[in-house]
Amino acid sequence: MFPGARILATLTLALHLLHGAHAAIGPAGNMYIVNEDVSPDGFARSAVVARSVPATDPTPATASIPGVLVQGNKGDNFQLNVVNQLSDTTMLKTTSIHWHGFFQAGSSWADGPAFVTQCPVASGDSFLYNFNVPDQAGTFWYHSHLSTQYCDGLRGPFVVYDPSDPHLSLYDIDNADTVITLEDWYHIVAPQNAAIPTPDSTLINGKGRYAGGPTSPLAIINVESNKRYRFRLVSMSCDPNFTFSIDGHSLLVIEADAVNIVPITVDSIQIFAGQRYSFVLTANQAVDNYWIRANPNLGSTGFVGGINSAILRYAGATEDDPTTTSSTSTPLLETNLVPLENPGAPGPPVPGGADININLAMAFDFTTFELTINGVPFLPPTAPVLLQILSGASTAASLLPSGSIYELEANKVVEISMPALAVGGPHPFHLHGHTFDVIRSAGSTTYNFDTPARRDVVNTGTGANDNVTIRFVTDNPGPWFLHCHIDWHLEIGLAVVFAEDVTSISAPPAAWDDLCPIYNALSDNDKGGIVPS
């Protein structure tokens, strides 16, 4: 980046920081992983959270749910030092952080999924995630990638601003206050909860209510008349998908999973776990309060008593709950997401025409209570896949876990088909290290090779004829996880690893080498997640 552009980028980020009310870190800084007592929906419990101040400091006035915002600019080098200060043995005490949506080109060791690219970080230790973001911008997030730890609270938004954003003329305001996070929340800590539990509530920007619970404060998003806001919607869900809308307002969608798209106007968005959208809202309605709605597909649905809701408040409106009603007729369809730049899938425009074609048949084993892909559940290996590769293993046959590793050669077009056969769908599948082109979407029987949606999380659908199909090019060496982003499903096996161009994988820093010996020496008490007998 030339000096003038770097100065502009720095000023841009400073303005975002200045106008955003929320604490933020980045592109360098300490992220403290601590246990904090929280009550985001009126129910008090301990949680695992990410914040900008250590455990020894006073608890922030605002609970650390969601976690601290990380932000920077396109072209930045991110140096995020994760400091583990966890002490509550009822939840996991070790941790590992995934920076969702980043390619990690040349830094697969920093991708974060435990036992795929690293061993977890022990309590009392720290680990520096150091990675470059030369050519990505948009809306991302981060979360624990160790077992189901992020369901206990360790998740937060991550925004990379682009001073040369091609959509810049469409909005006036884009800062920390225009980030909208959606979370499912549980009153029982994950290690003690059911294998696939039902959420107790929905949190919007860390606040919500549960059915039959107290009238807890809801998140308020403030706007001024006639201004245009770029809202960044992030689903940090462990399970449900949400149907999102704002009463009386249309949503001009301009980004999906950090990919700029041809703008499209809708009035509702179905968003699955791990997905992100940016939309522009023009505050052109009467000065009033308007309901923001995020209706989950499971748990307590609807909006009675203010559940699954937040408030859009115009400057000058009374501080009251809205009385507005919902009327939506134009939902966002994935098949209408057209990339703004370089649309089109790689490879010949025929199904099965890629260099490598893989069918992933998902199923549920009622005997073992495991979800499988091609008959095999993903069981985390003792040694991370990356460590195995660096130690000399290079073929699918020699890598563990057996049956869950798929070796991919460099510079090949890969086509993955995922028929919707497994129970518990729709399954939102996320591929690490890449975006992909969705040449066949859920609910569609046609293939689109010319203008397919490009993203990093895709819903596999539930229809008997659904066969979601994606394509990508193997241009990024590393062991890349492909998994269901319903965290409870990942925990019982719904994942595979693509060992891509293994001979070109970059070596990790020396501190990475220390993670496994430290972790392997820990006692069960040090690892946490102890379930009372």
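Every residue gets a Cβ built from N, Cα and C, even glycine.
According to Swiss-Prot, the feature signal peptide maps to 1-23.
Mean pLDDT across the domain 'Plastocyanin-like 1' (25-171) comes to 97 in this model. Sequence annotations record features per position, and here Swiss-Prot assigns domain 'Plastocyanin-like 1' to 25-171.
As annotated by Swiss-Prot, disulfide bond applies to Cys119-Cys516 (among others), with the evidence given as similarity to another entry. Taken residue by residue with DSSP, Cys516 (disulfide bond) is part of a helix. Neighbour list (Cys516 (disulfide bond), Cβ cut-off 8 Å, at least 6 residues apart, same chain): Cys119, Ala383, Pro384, Leu387.
Among the features that Swiss-Prot reports, Cu cation 3 binding site is placed at His145, His432, His483. Taking the Cβ of His145 (Cu cation 3 binding site) as centre and 10 Å as the limit, one finds 28 other Cβ atoms among all the protein chains shown.
Positions annotated as disulfide bond by Swiss-Prot: Cys151-Cys238 (among others). Non-local contacts of Cys238 (disulfide bond) by the CB criterion (under 8 A, 6+ apart in sequence, same chain) comprise Thr148, Tyr150, Cys151, Glu183, Asp184, Tyr186, Pro199, Ala273, Ile486, Asp487, Trp488.
Taken from Swiss-Prot, the feature domain 'Plastocyanin-like 2' covers 173-336.
According to Swiss-Prot, the feature Cu cation 4 binding site maps to His427, Cys484, His489. Reduced to three states, the DSSP call for His489 (Cu cation 4 binding site) is helix. Around His489 (Cu cation 4 binding site), a 10 Å sphere centred on its CB holds 26 further CB atoms from the protein chains shown.
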* Within 8 Å of the Cβ centre of His427, Cys484, His489, which other residues of the chain have their Cβ, at the recorded Cu cation 4 site? -> Met362, Leu371, Ala422, Gly424, Gly425, Pro428, Phe429, Thr460, His483, His485, Ile486, Leu490, Leu494
* **Those binding-site residues of His145, His432, His483 having Cα within 10 angstroms of His489 (Cu cation 4 binding site)** => His483
* Would you count the other CB atoms within 10 A of the CB of Cys151 (disulfide bond), including those on all shown protein chains? => 29
* Structure fact -> Residue counts for the domain 'Plastocyanin-like 1' (25-171) under DSSP, helix then strand then coil, are 10 helix, 62 strand, 75 coil
* To do: Quick one: of Cys119, Cys484, which of the recorded positions has the smallest count of other CB atoms within 10 A?
  => Cys119
